[in-house]
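Note sheet for the following structure.
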């Protein structure tokens with residue numbers, strides 16, 4: 001419900017005024033404005049001609065403290081005409097349909113489709129816009145957006161918004177700004193604007209406002225705040241929408257609170273609301289991002305048991321789940337199931353399938369799906385090209401990845417930062433560090449700032465070639481760019497020291513990582529492998545024992561590296577003992593493990609024994625998930 005200030009008389013409402021409010025200690029992009037001279041100027045025509053655009057309240061930073069008032073010719077309309085026009089709005093519109101029948105329509109709904117009011121409407125989940133229409137910002141909304149994006153703190157934003165008299169136009173403008181901020185993933189400004197509506201404005205917040213806050217707090221992993229907004233929504237007697245539950249589910253998954261996510265589903269059932277595909281898709285999306293693959297498959301099976309109507313988004317999400325779990329054939333089964341049910345795949349579905357094969361370096365299958373995507377009438381975009389490049393990179397064909405990069409440019413599709421990163425990685429994996437360096441420099445020439453991942457991939461490329469000096473230069477360049485090296489970059493540097501035999505430098509870096517708490521399983525995998533290659537078995541066992549002390553579980557790489565140290569010394573029995581420990585720990589061996597066991601053999605009898613073990617492993621091999 002909109003509250004209009006009662007103190008405005010009809011005479012006052014037909015004049016234009018300019019309000020100047022001092023605004024100290026405010027930081028703007030332009031530093032040449034003196035803080036004392038910065039004012040908040042609000043031009044406020046409170047009445048307008050019915051045939052012209054609505055009133056504009058313009059908020060801007062101005063260096064001139066002398067503000068003049070001006071009269072507007074569109075305020076010359078008499079109040080009776082305005083009242084008559086306003087009264088006519090209450091009546092529904094009428095028209096004659098194609099069959100000659102007289103029908104009526106809701107004027108508000110028609111205007112909404114053209115970018116009108118959003119109050120009480122909600123927005124399509126996952127898209128960031130309302131009813132499939134992007135918000136159209138008025139001049140006033142544009143001013144508010146610019147003000148919020150200048151980095152001003154919440155108190156200053158609230159102060160500015162407090163100065164604008166509440167009108168229907170202001171409600172739409174503020175909410176349009178919040179949705180626009182959501183589109184650009186600026187969560188803190190979304191919170192600032194929507195909290196003003198809830199706590200400071202005279203407007204009554206609706207479900208859209210609460211949904212925006214639940215979404216923003218969920219993205220920031222502030223579950224307490226997200227739950228508080230849901231409770232406030234219920235206390236305000238707003239009816240939760242599917243989007244409300246979907247956003248809560250994603251917030252819980254994002255924070256790893258899966259038991260609370262299940263509670264959301266239970267609460268929906270208690271209120272007699274069966275979860276729809278929108279809600280389940282949000283759940284799957286959250287589980288995918290949280291890398292909870294087994295739970296995602298369980299939810300997908302539940303959807304089918306409950307006969308919940310799946311859609312293209314559902315299948316695309318499940319293809320991504322299996323793809324990231326390194327089960328491309330299971331992803332293909334989902335795709336075939338989708339086709340059998342007559343559900344049409346979109347370009348995202350095909351890209352997810354190409355990615356599933358790309359992660360395993362299955363070039364031929366990735367190419368096949370890429371061609372099928374084009375045959376289905378979908379023009380490849382940068383994400384599809386990147387997925388195909390990734391397939392060649394993982395398979396060890398950097399020249400093929402380079403050809404796809406050139407093809408993308410030839411077809412008028414501009415490569416993005418990820419395209420350059422994939423090409424750096426492709427050359428780095430093949431040991432072509434000079435080519436990787438050239439692509440990295442090309443990225444900078446294109447005006448794109450290298451990210452942490454860009455530096456990390458270049459670092460890994462030089463580490464593989466044993467160029468420790470260049471690795472140290474890349475680390476220095478990383479610090480110079482204002483980027484703090486993450487665990488992946490530090491692991492790459494650790495690996496460079498280990499490969500070069502500079503174990504003293506490796507140990508110093510490892511100790512620093514342990515003090516900062518940035519070490520992970522990959523860190524100790526590098527250490528175990530480096531000590532094993534150097535023949536320092538006691539140090540290797542100490543590094544392996546460090547995993548347990550830090551509550552980290554050894555993976556297949558850790559176990560295989562440990563076995564490899566003893567295999568080099570032909571200690572066959574010790575390798576079998578470690579193999580048994582590995583299986584007892586619930587870690588499943590891979591092809592690399594089998595190679596290490598064979599390398600430990602010193603006679604035909606041992607080779608036969610290892611062959612029997614490998615065959616039994618192959619027979620018992622099962623996919624992690626079943627469909």
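In case you wondered, yes, glycine gets a Cβ from its N, Cα and C as well.
A TrEMBL annotation is a machine prediction, not a hand-curated record.
The structure displayed is predicted, hence computed values, not measured ones.
Some features that TrEMBL has for this protein:
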REPEAT    206-240  repeat 'PPR'
REPEAT    241-275  repeat 'PPR'
REPEAT    276-310  repeat 'PPR'
DOMAIN    294-431  domain 'PROP1-like PPR'
REPEAT    311-345  repeat 'PPR'
REPEAT    346-380  repeat 'PPR'
REPEAT    381-415  repeat 'PPR'
REPEAT    416-450  repeat 'PPR'
REPEAT    486-520  repeat 'PPR'
REPEAT    555-589  repeat 'PPR'
Who are the chain neighbours of the repeat 'PPR' (276-310) in space, where the CB to CB distance is under 8 Å and they lie at least 6 residues beyond its ends?
125-126, 242-243, 245-247, 249-254, 256, 258, 261, 265, 268, 317-318, 320-322, 324-325, 341, 343, 624-625
Given a Cβ distance threshold of under 8 angstroms, which distant residues of the chain, six or more beyond its ends, lie next to the repeat 'PPR' (311-345)?
126, 277, 280-281, 284-285, 287-288, 291, 293, 296-297, 300, 303, 352-353, 355-357, 359-360, 362, 365, 376, 623-625, 627
DSSP helix/strand/coil residue counts for the repeat 'PPR' (276-310):
26 helix, 0 strand, 9 coil
Is the repeat 'PPR' (381-415) packed against any residues at least 6 beyond its ends, judged by a Cβ distance under 8 Å, and which are they?
347, 350-351, 354-355, 357-363, 366-367, 370, 373, 422-423, 425-427, 429-430, 432, 435
Summarise the repeat 'PPR' (311-345) as counts of helix, strand and coil residues per DSSP.
26 helix, 0 strand, 9 coil
At a C-beta cut-off of under 8 Å, are there same-chain residues at least 6 beyond the repeat 'PPR' (416-450) that contact it? List them, or none.
382, 385-386, 389-390, 392-394, 396-398, 401-402, 405, 408, 457-458, 460-462, 464-465, 467, 470, 481
